[in-house]
Amino acid sequence: MKKEHIFWTSICLLLGLVPAPVSSAAEEDEEFTNITDIKPPLQKPTHSFCAMKVDDGPCRAYIKRFFFNILTHQCEEFIYGGCEGNENRFESLEECKEKCARDYPKMTTKLTFQKGKPDFCFLEEDPGICRGYITRYFYNNQSKQCERFKYGGCLGNLNNFESLEECKNTCENPTSDFQVDDHRTQLNTVNNTLINQPTKAPRRWAFHGPSWCLPPADRGLCQANEIRFFYNAIIGKCRPFKYSGCGGNENNFTSKKACITACKKGFIPKSIKGGLIKTKRKKKKQPVKITYVETFVKKT
């Protein structure tokens, strides 16, 4: 009887020791899981003000400014009230990038126009943050048709077309390759608008650069007449336009050099079944009408 009691006592002691390794293993697994869930710290910016939150101030002006977003590592547009605020506020996109964004890897949008719809055709309708009332067209992915909407005049996204035909050609019935006609751009002296005159020579463009280089020039909503530059994605060149002083979009540069640096290197032109002859541009003294021409010829 005594031996039997000792035997069962030993069994109980052994069974009592079994859960200990199991719980230890669970703790080790739990500790390992916690370690893998830890996110690396954000990179510290060169200037402390680059990490400040956007501050439009207490006043009620409507001034376009730029700030550095520490979460996305990109310079973004905001509307400044005109007084107070903080140092994370820049007059131009280039100044913001120079002060805050140069220490971070460039985050670019890689777009390749191939067979099928471009990615931006699947974006939802976006009127932007401004208060304009401009008729535009977007591709509705639910109805599979291009539809009309009212655009505010600034920001928004690339699913935004000036004509129904342009929307249909791009998103409803895309061609095998996204082709853009070579254009002759003229400055209209009456209302300072850009008129594109297509020629017969098509070109293909492969874009590997920032998405803000793609929208057309946007004068904005105010009454000023500041000379700015925008990247014309149709002809692959930086062109001047008159900016009103507020609103507009990000395709807006204070100098031609800044425009070329940001956008021009992103486009790679390829001629179709022919050689490309680059014609020299002659500078004219008359600021009234500026014409730029590129000619295509077939190889013999």
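The backbone N, Cα and C atoms fix where each Cβ goes, and this holds for glycine too.
Values in this document were obtained by computation on a predicted structure and should not be read as measured data.
Other C-beta atoms found within 10 angstroms of the C-beta of C50 (disulfide bond) number 22, with every protein chain shown included. The annotation disulfide bond is assigned in Swiss-Prot to C50-C100 (among others) on the grounds of sequence analysis.
The secondary structure of C59 (disulfide bond), as reduced to three states from DSSP, is coil rather than helix or strand. Under 8 Å, Cβ to Cβ, and six or more positions away along its own chain, C59 (disulfide bond) finds G81, G82, C83, E84. According to Swiss-Prot, the disulfide bond annotation covers C59-C83 (among others), on the basis of sequence analysis.
Non-local contacts of C75 (disulfide bond) by the CB criterion (under 8 A, 6+ apart in sequence, same chain) comprise F66, F67, F68, N69, F90, L93, C96, K97, C100, A101. The secondary structure of C75 (disulfide bond), as reduced to three states from DSSP, is extended strand. The disulfide bond annotation in Swiss-Prot covers C75-C96 (among others).
Every protein chain shown contributes to the tally, and the Cβ of C121 (disulfide bond) ends up with 19 other Cβ atoms within 10 Å. Summarising the annotation, Swiss-Prot assigns disulfide bond to C121-C171 (among others) and lists sequence analysis as the type of evidence.
Following the DSSP three-state reduction, the secondary structure of C130 (disulfide bond) is coil. Residues annotated as disulfide bond in Swiss-Prot: C130-C154 (among others).
The disulfide bond feature in Swiss-Prot is assigned to C146-C167 (among others). C146 (disulfide bond) falls within a strand segment according to DSSP. Cβ neighbours of C146 (disulfide bond) (same chain, under 8 Å, six or more residues apart in sequence): Y137, F138, Y139, N140, F161, L164, C167, K168, C171, E172.
Following the DSSP three-state reduction, the secondary structure of C263 (disulfide bond) is helix. The disulfide bond feature in Swiss-Prot is assigned to C213-C263 (among others).
Look at Swiss-Prot and you will find C222-C246 (among others) tagged as disulfide bond, backed by sequence analysis. For the recorded site, C222 (disulfide bond), the DSSP three-state label reads coil.
Annotation comment: Swiss-Prot describes C238-C259 (among others) as disulfide bond, evidence class sequence analysis. In sequence order, F229, F230, Y231, N232, F253, K256, C259, I260, C263, K264 are the residues of the chain that are 6 or more apart from C238 (disulfide bond) and have a CB within less than 8 Å of its CB.
Annotated domain 'BPTI/Kunitz inhibitor 1' per Swiss-Prot: 50-100, in sequence order, evidence recorded as sequence analysis.
Look at Swiss-Prot and you will find 121-171 tagged as domain 'BPTI/Kunitz inhibitor 2'.
Taken from Swiss-Prot, the feature domain 'BPTI/Kunitz inhibitor 3' applies to 213-263.
Per Swiss-Prot, N-linked glycosylation site is recorded for N141 (among others), and the stated evidence type is sequence analysis. Classification of N141 (N-linked glycosylation site) by DSSP places it in coil, neither helical nor stranded.
Annotation comment: Swiss-Prot describes N191 (among others) as N-linked glycosylation site, evidence class sequence analysis.
Under the heading N-linked glycosylation site, Swiss-Prot lists N252 (among others). A C-beta separation below 8 Å, combined with a sequence spacing of at least six in one chain, links N252 (N-linked glycosylation site) to L93, A217, D218, R228, F229, F230, Y243.
Annotation source Swiss-Prot lists signal peptide at 1-24.
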Mean predicted confidence [pLDDT] for the domain 'BPTI/Kunitz inhibitor 3' (213-263): 86
C130 (disulfide bond) to C222 (disulfide bond) - Cα separation in whole Å: 11
Which recorded positions sit within 10 Å of C121 (disulfide bond) - Cα, from N141, C154, C222: N141
Between N141 (N-linked glycosylation site) and C50 (disulfide bond), the C-alpha gap once rounded to whole angstrom: 38
Candidates C50, C154, C222, C246 (disulfide-bonded residues) - the one closest to C213 (disulfide bond) by CA: C154
Minimum Cα separation from C154 (disulfide bond), reported as the residue among disulfide-bonded residues C50, C222, C246 that achieves it: C246
Euclidean distance between Cα atoms of C50 (disulfide bond) and C246 (disulfide bond), Å: 23
